[in-house]
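**Q** Got these off Swiss-Prot a minute ago, pasting:
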type: TOPO_DOM; residues: 1-19; note: topological domain 'Cytoplasmic'
type: TRANSMEM; residues: 20-37; note: transmembrane segment
type: TOPO_DOM; residues: 38-633; note: topological domain 'Lumenal'
type: REGION; residues: 112-145; note: region 'Disordered'
type: COMPBIAS; residues: 134-145; note: compositional bias 'Basic and acidic residues'
type: REGION; residues: 184-293; note: region 'Catalytic subdomain A'
type: BINDING; residues: ASP277, HIS279, HIS415; note: Mn(2+) binding site
type: CARBOHYD; residues: ASN297; note: N-linked glycosylation site
type: CARBOHYD; residues: ASN484; note: N-linked glycosylation site
type: DOMAIN; residues: 504-630; note: domain 'Ricin B-type lectin'
Amino acid sequence: MAHLKRLVKLHIKRHYHRKFWKLGAVIFFFLVVLILMQREVSVQYSKEESKMERNLKNKNKMLDFMLEAVNNIKDAMPKMQIGAPIKENIDVRERPCLQGYYTAAELKPVFDRPPQDSNAPGASGKPFKITHLSPEEQKEKERGETKHCFNAFASDRISLHRDLGPDTRPPECIEQKFKRCPPLPTTSVIIVFHNEAWSTLLRTVHSVLYSSPAILLKEIILVDDASVDDYLHEKLEEYIKQFSIVKIVRQQERKGLITARLLGAAVATAETLTFLDAHCECFYGWLEPLLARIAENYTAVVSPDIASIDLNTFEFNKPSPYGSNHNRGNFDWSLSFGWESLPDHEKQRRKDETYPIKTPTFAGGLFSISKKYFEHIGSYDEEMEIWGGENIEMSFRVWQCGGQLEIMPCSVVGHVFRSKSPHTFPKGTQVIARNQVRLAEVWMDEYKEIFYRRNTDAAKIVKQKSFGDLSKRFEIKKRLQCKNFTWYLNTIYPEAYVPDLNPVISGYIKSVGQPLCLDVGENNQGGKPLILYTCHGLGGNQYFEYSAQREIRHNIQKELCLHATQGVVQLKACVYKGHRTIAPGEQIWEIRKDQLLYNPLFKMCLSSNGEHPNLVPCDATDLLQKWIFSQND
């Protein structure tokens, strides 16, 4: 029996010896061929290819050969081990992530806010109020208002670390959870400043540090657009040394917001870019909703719900726990940005406050965007100068080229809205018109003529072809296969009023009897009488169109018409809205051959006699009743 066992073992040993000998021969042969393959592959590439490219291609070919060889010989190996599952290829944009939701501990901010004195000036976002100022304090206050166009005196007396009181957002915002998969991207916060007040700039920085999760905030980049104030140089450099996460980059000459933001984006290292102005305060949980939306949709360009910080008292207008009547961005035909209420279809689409608001345009001062997508869609127009028009240009471009522009109501950031800019423009306000022409030429197709009729500076720039080279912007439009402006108006902003592309007459309306023109006056959004003012030929408040319905329209921001009454003529909302509507008699005017403007309802004519234009019995010999409808200069 023992002898039999030895024979069996000897047989098995000889059997597997022959098997492993054959396997060894196969492996030796494989190694020889592999060396020859490597030499052969090396000589196939031209000398112009880089060393890195050759190595990569060699490795790929060798790997293919090795895998094929292994597949051929693996069947000869004893089946002793169950193979590990083969992993599928993962998209490069996806990162490994855990299931579930981020915890509060994971979303802990960069710094904890220091304890606050509830009675301190401006504490909890309350207004700063003082009943009496000394003569010196009054002078300081006036200097600050002149320099910054807000109450810097109040800002300087409010803590840089002030809290904003309880979180007053709606419950669904406070309780909102954020998925770990896909993971929230990191962000670089970019803040451009030019001669900014010390307290507002640093309160913005501290606000970001106290309200942004450390795992998401990669850096704060302060971009100095050639400030001349001493405190914004060595003193600022010294102050931010305490924060390794904050850095400063500087432009040596004033180039404006657009170029400064491009500089900040160029040095940013995070996955997303978040742009803020230098006089902001971030509310609780402001960053996560923005980044979560980008994680869901790579092409989403998202803005926070912008709360107002009072420019006089610095009171923070906190969000309501019951939600609010939100606004979205729009534009008028002078290409100015504005706000409007949400249309009913947008209100119905949103289930609660966590849902984004789709907006035709955005203010452009505060928003987040994927850095790769920012570069993909053409960042900013590098030939736009200083400031103005870049937000409308980006709004049109994002929508027309396949992206989405949204406002996230659960993200709240306060902003000091000034009534005017404290900064001068190195080349004057002409730069704004030039910027607007650049966006109109690229993105508005035939509708650009509506803008040019309303802005004579822009029309001159077009005539002189002084708007610069647009070839790169048109290349972007072609590369991204962007849709036309008709699509934008029909699909994204169907509520927009589109004036006649070819009105019967357009321009200013001048009195023959005196050197004055019809003028709508300041801030006349309807309901106020017209005025008479020195003719300037620049459009704007003196721009009117005579429509096919015989209306005299001033339709730059709203559809407004000359509205006849027994007394002075007013500017009121146009009644005619297209199909199934007609213009009422009060808004119908006839331009007679004798130069009278006749209203058939009252059977009277428009006169320039008096402070306000008014209706009087018609008299063809009265020069004050005669008008010239002329093209703008």
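For all residues, glycine too, the Cβ spot is worked out from N, Cα and C.
Help me understand the surroundings of these features in the structure.
**A** Long-range contacts of the compositional bias 'Basic and acidic residues' (134-145) within the same chain, counting only residues at least 6 positions beyond its ends with a Cβ under 8 Å from a Cβ of the stretch, are 151-156, 197.
The number of other Cβ atoms within 10 Å of the Cβ belonging to HIS279 (Mn(2+) binding site), over all protein chains shown, comes to 26.
The Cβ of ASN297 (N-linked glycosylation site) lies under 8 Å from the Cβ of GLN404, each of these being in the same chain and 6 or more residues away along the sequence. Secondary structure at ASN297 (N-linked glycosylation site), taken from DSSP and collapsed to helix, strand or coil, is coil.
In sequence order, GLN400, ASP445 make up the list of same-chain residues 6 or more apart from ASN484 (N-linked glycosylation site) whose Cβ falls under 8 Å from its Cβ.
Model confidence over the domain 'Ricin B-type lectin' (504-630) is summarised by a mean pLDDT of 91.
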**Q** Can you name the residues of this chain that are 6 or more positions from ASP277 (Mn(2+) binding site) yet have a C-beta less than 8 Å from its C-beta?
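**A** Spatial neighbours, sequence-distant, of ASP277 (Mn(2+) binding site): ILE191, VAL192, THR204, GLY365, LEU366, HIS415.
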**Q** Over all shown protein chains, what is the count of other CB atoms within 10 A of the CB belonging to HIS415 (Mn(2+) binding site)?
**A** 20
**Q** Going by DSSP, is HIS415 (Mn(2+) binding site) part of a helix, a strand, or coil?
**A** strand
